[in-house]
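Written out below as structure tokens is the structure these notes cover.
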2 protein chains.
Amino acid sequence: MSPTDVDIENLPDTLRTALEQGSDGPLNAICNAHAPPDLSDALETLPEDQAVAFFQRLESACAAPVYAHLEPDHQSRVLAALDEQQAADLVSALSLDDAVAVIDGLGDEHADSLMETLPAESQEAVGSLLAYPEESAGRVMTPEYVTVQPEWTVNEAMEHLRANHEVAETVNTVFVTTAAGELLAWVRLKELLLARPWNRVSELMHTDVASITAEEDREEAAHRISHYDLNVLPVVDDQGHMLGIITVDDVMDVLRAETTEDFHRMAAVGDVVLSLRDASMGLLYRKRIGWLLILVVVNIFAGLAIAHYEAAIESVVALIFFLPMVIASGGNTGSQAATLVVRSLAINDVRLRDAWRLGGKELGVSTALGLTLAAAIWLSGNWLGSLEVANAIALGMFLVVVFGAMFGMLLPFALTAMRMDPAVASAPLITSVIDIVGILIYFGVAVAMLGL
Amino acid sequence: MSPTDVDIENLPDTLRTALEQGSDGPLNAICNAHAPPDLSDALETLPEDQAVAFFQRLESACAAPVYAHLEPDHQSRVLAALDEQQAADLVSALSLDDAVAVIDGLGDEHADSLMETLPAESQEAVGSLLAYPEESAGRVMTPEYVTVQPEWTVNEAMEHLRANHEVAETVNTVFVTTAAGELLAWVRLKELLLARPWNRVSELMHTDVASITAEEDREEAAHRISHYDLNVLPVVDDQGHMLGIITVDDVMDVLRAETTEDFHRMAAVGDVVLSLRDASMGLLYRKRIGWLLILVVVNIFAGLAIAHYEAAIESVVALIFFLPMVIASGGNTGSQAATLVVRSLAINDVRLRDAWRLGGKELGVSTALGLTLAAAIWLSGNWLGSLEVANAIALGMFLVVVFGAMFGMLLPFALTAMRMDPAVASAPLITSVIDIVGILIYFGVAVAMLGL
């Protein structure tokens, strides 16, 4: 039977016990009985020397899929601890797309020396994939696939698939190409199976074939697979010749990584902190201090704006009391608007051409939000201060909220138009800018209306 | 050949032209030539009466997959505009899991009257799926699948699959059960295909079968499919009998919706704004005003805290100048920490039991961040004010940053421990709490050190 949740929970202890024994038998039994992702999760919790021993003592056939599921920094550290032959065996046993990901994650020197120890055939295949731009579809595709041709009979096609099943990562969907490799159509393995042996592939195939070129962004590959509900997407060159395939499980990893990147950018954390659990203190410090220092500098201007209105503060102390409420409301409304747009841009719900329409809608929404919040602060102002002060802070609130909302809504579009990642419009950045402009609007209105 | 990007870009116009013609021929041709997700995207941009006409004039066989890809609110509006028979035909032509999703999205009354018009068989199947809890695995599974038994020969298994291929949504992975339906193992269609006809299924099958019970959360189903790189996950009852399957494309939609929900909660936007493009102004207003009003109330305390230190502000005006910088730094550090934890909890990188270890790590990281930021502000303070003032604001900065980081890191864990969604620890909420505590810490330190 399959391992239970309790077995999986205890897997680190089970592994540790097996690693402390002299014989490799129990270790092999564990490796065969558990799914690779569970084994890699368990190994990540063990001390590094035990994780390394696991890969030293097991055959590559069982160890490679486990290695493929380790987090990138664990992969690099294990590889560095193995001797040259062990490392080469392990990497050669990976599927090509996984091997590329591993080598990609190493420093240049280490990558070069590892490449030299690989068999000539793997060297060439890995090298050609590494030639594609970073984060492109070409980098995550695998060139291990089989295709059939339209003029073949079902019988010929099935024979071809049987003969080539070992080189192909998936054959659930089979692509149909010309003899020269030009992508024409796709056919389900199921359909070949159910057809009569003398039928032609051309009678069964579907010509509505989605594809992507190798130079396009891997995120676009993820969108296309998700949009068309595919299990596998063919990758082609500019002339439409097939180069490889991208499978849905690779794409789920891409989407998860890109989404995490968006989350972190939105909170002004630098890139590449993909696992909080494994990140070192030094890495976390470096990824966070940059934006914090930049924002300190931005907030100097907020200080200057307040200092500029020192006289106004001294004559009407109620103004400083309501300041945090007004400024925070502007920042909060702006963060809401920015988050809505950034997420909608990320999932293609909204595109750049929608900017004006959505800006118009946000003007309506933020007017309503601003009026509600102005009413709330007017009531408190009237209760705590005077009618004149209440009118001034209510108008200030309204203007700051509308400004915050419009800034939060339009900044991500502006970044997109400049071909930058809209997620750079982080909540802290937006809040800081709204702080400064908000202080100027708030005191400017107060000075004008109260005649200070 | 397959439609080009330009064809897809022009699809709304092409559809409009076809809908304005009397004959249904061109409309049928368009429906057959394009992928359902592209057609549904195009229909969503057309006026409602044209979108409705599309479903009135086309056969269900072509229209149903297009309908399945519409956004939920478009689905409801189209259904309401169709007559009873058309609506029943369309819903009956959907796959069962899609039909459940549509009926689930209707109001109770409308759902009941639609159910009554469905064929008895569909009524029963849809009803049994709707009996599972909301957002459970049972609600998103489809009960349309075929299984094989371990004692069957490969030939018998293949015959069974051929005979039942029309009822099964996918047969790329075939599950193996006892005659009573107890889930035992899985086998790839490819493996059955490559084996000799007289082999037994039991010789080919894999017993490391991941599954989920129907009552578990659909998000857990998504995690399991992603973790084990599956195309399909079997759903079982408490006794391990198979009830249905969940496919990877359904799960990608679940993950996308859950992630969007997290993004929006982090920015203090209420739930259910899944498409910014389609959301009405009224909906956007209602989903945003609640948290904004709550945060205004919270910020009253920030105002009170400032008012409390009025005397200190009047005697050392430099204090108000540096206030925004210190408070914003605390809020920014806290947002970073909260976002890192919320995202890591969402992707199972981190669990509740990691709270103390990560809290310890954050104490180290935030000490380093606090020291850096304190040094930066000390330099500005020394330049603009005096050494005493610089010392006081630097200590204030350090304490506020460490407090902000620890609060941002631990609040999501505390919410998880109370079985609440950690994403409720939104950046605006954290910022507002840090505003109040930060003002008290900052002025408290200043008053104590400067003897005000």
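Placed from the backbone N, Cα and C atoms, the Cβ positions cover glycine too.
Nobody curates TrEMBL annotations by hand; they come from automatic prediction.
According to TrEMBL, the domain 'CBS' annotation covers A:141-203 (among others).
Per TrEMBL, domain 'CBS' is recorded for A:205-261 (among others).
Remote same-chain residues near the transmembrane segment (A:289-309) are listed as 268-270, 426, 428-429, 432-433, 435-436, 439-440, 443, 446-447 (criterion: CB distance under 8 Å, separation of at least six residues from the stretch ends). Annotation source TrEMBL lists transmembrane segment at A:289-309 (among others).
Annotated transmembrane segment per TrEMBL: A:315-342 (among others), in sequence order.
According to TrEMBL, the transmembrane segment annotation covers A:363-381 (among others). For the transmembrane segment (A:363-381), same-chain residues at least 6 beyond its ends with a Cβ under 8 Å from one of its own Cβ atoms are 318, 322, 325-326, 329, 333, 337, 389-391, 393-395, 397-399, 401-402, 404-406.
Sequence-remote contacts of a segment are chain residues at least 6 beyond its ends whose Cβ falls under 8 Å from one of its Cβ atoms, and for the transmembrane segment (A:393-415) they are 318-319, 322, 325-327, 329-338, 340-342, 345, 352, 355, 358-359, 362-363, 365-367, 369-371, 373-375, 377-378, 381, 421-425, 430, 433-434, 437-438, 441-442, 445-446, 449. For A:393-415 (among others), the entry in TrEMBL reads transmembrane segment.
If you look at the transmembrane segment (A:427-450), the same-chain residues 6 or more away from its ends with a CB under 8 A from one of its CBs are 266-268, 291, 295, 298-299, 301-302, 305-306, 308-309, 312, 316, 319, 323, 326-327, 330-331, 334-335, 338-339, 388-389, 391-393, 395-396, 399-400, 403-404, 407-408, 411. According to TrEMBL, the feature transmembrane segment maps to A:427-450 (among others).
Summarised as a single figure, the pLDDT of the domain 'CBS' (A:205-261) averages 88. Note: the domain 'CBS' (A:141-203) comprises 20 helix, 17 strand, 26 coil (DSSP; helix = H, G, I, strand = E, B).
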